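Chemist: Just dropping this structure here.
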Amino acid sequence: MDYKSSLIPDGNAMENLEKQLICPICLEMFTKPVVILPCQHNLCRKCANDIFQAANPYWTNRGGSVSMSGGRFRCPSCRHEVIMDRHGVYGLQRNLLVENIIDIYKQECSSRPLQKGSHPMCKEHEDEKINIYCLTCEVPTCSLCKVFGAHQACEVAPLQNIFQGQKTELSNCISMLVAGNDRVQTIISQLEDSCRVTKENSHQVKEELSQKFDALYAILDEKKSELLQRITQEQEEKLGFIEALILQYREQLEKSTKLVETAIQSLDEPGGATFLLSAKQLIKSIVEASKGCQLGKTEQGFESMDYFTLDLEHIAEALRAIDFGTDEDEEEFLDDEEEQEEGVSTEGKEGHQ
C-alpha cells in the first residue's frame, strides 16, 4: 500500500487537509520548524516567537542578552495561557509529525496538474491568470490589462512581492491584535480582582458597622432597664406608703363604728342609773376617737411621676447626625458640643448675677 497515496486523498479531502495545516497566526501553511504548545495546538516557531515577543516586550532572546526569567502568552486558537521558561519559544517541542505531513502534502501537490479554477482568472481576460499587482489602483490584475487594458498607465509590481509584503503586514497585525487581546485579558483579570476585593471590603465594613450599632443597642437596652427599675422602685415606695395609710384609716373606721354601735345601745337603756354608769366613759372615748382622726395624709402631687421625664432630643439629634467620617470630624463635633455646653453654663451664671 502506498503510504503517500493513503495519507493524501483526492478531491475535497485535500482542501480539508490543507485547512488543518494552516497556521492561525500567518494564515499560511505551517513553516518549519513547527512547535506544539502544551494545549496541543501548533504554530510556526517564527509566529509563536512574534506573539511571545509582543506579549513580553522586555524579554530578550538569542539575539541579545538572555533573560533569566521566562514569560507567557495565550494560544491564539483556544486562549490557553502558555508559560515559558528562560529559553522562550525555543524551549517548545517541535512537531515532527506535522512537518513530515507538510512535506508529503507539498510533494503530492507539486506532482498533480494544476486544475482549472485553482488560480484566480482575470475578469476582463478570462483565459489569463492574475499575475501582477497594480500599485496605482491597489488591485491584482493580469499582464494583458497592463499591456492593453485599463491599467496601461498604472504602476505595477510582481504579484509575489506584494503577496509576501501584505501577508507579512497581516501577520504583524494579527500578532499585535493577539498581544492586545492579552493585555485586555490582563485588564479584565485585574478588574475582576478589583470586584472581588471591593465585595470583601464592603462585607468587612458592613460587619464592623453592625457590631458598632449592636453595641449602641446594648447600651440603650441596659440604660432603659436601669431607668425602668428606678421608676418601679419609686412606684413601690409610694404604693407602700399609701397602702399603710389605708390600713390605718380602716382600723380607725372600725373603732369608730364600734363606738357608734355602743353609744346607740346606751341610748336605748331605759334605766337612768345604768345609763349614767357607762355614759361618761363612753362620751370620753368618743371625744378621744374624734381627736384621733388626724392621721397622716399624702401631699398634693404625691402621685406625680413627672420628675422621671427625660429630655433626649439632643441625643436624638446626635444619633441622626451619625455619618461616615474621619476622626477629625468626630473631634470637631465633640468640640462644638463642649462649646455649646459652656455657652449655656455662662448664660446661667450671668442670669443669677
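Cβ coordinates come from backbone N, Cα and C, glycine included.
I grabbed these lines from TrEMBL:
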- 206-237: coiled coil (COILED)
- 326-344: compositional bias 'Acidic residues' (COMPBIAS)
- 23-79: domain 'RING-type' (DOMAIN)
- 117-159: domain 'B box-type' (DOMAIN)
- 267-325: domain 'COS' (DOMAIN)
- 326-353: region 'Disordered' (REGION)
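Give me the local environment of each listed feature.
Modeler: Proximity of distant same-chain residues to the coiled coil (206-237), defined by a Cβ-Cβ separation under 8 Å and at least 6 residues beyond the stretch ends, is recorded for 305, 308, 310.
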Chemist: Give me the DSSP three-state residue breakdown of the domain 'B box-type' (117-159), ordered helix, strand, coil.
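Modeler: Secondary-structure composition of the domain 'B box-type' (117-159): 6 helix, 11 strand, 26 coil.
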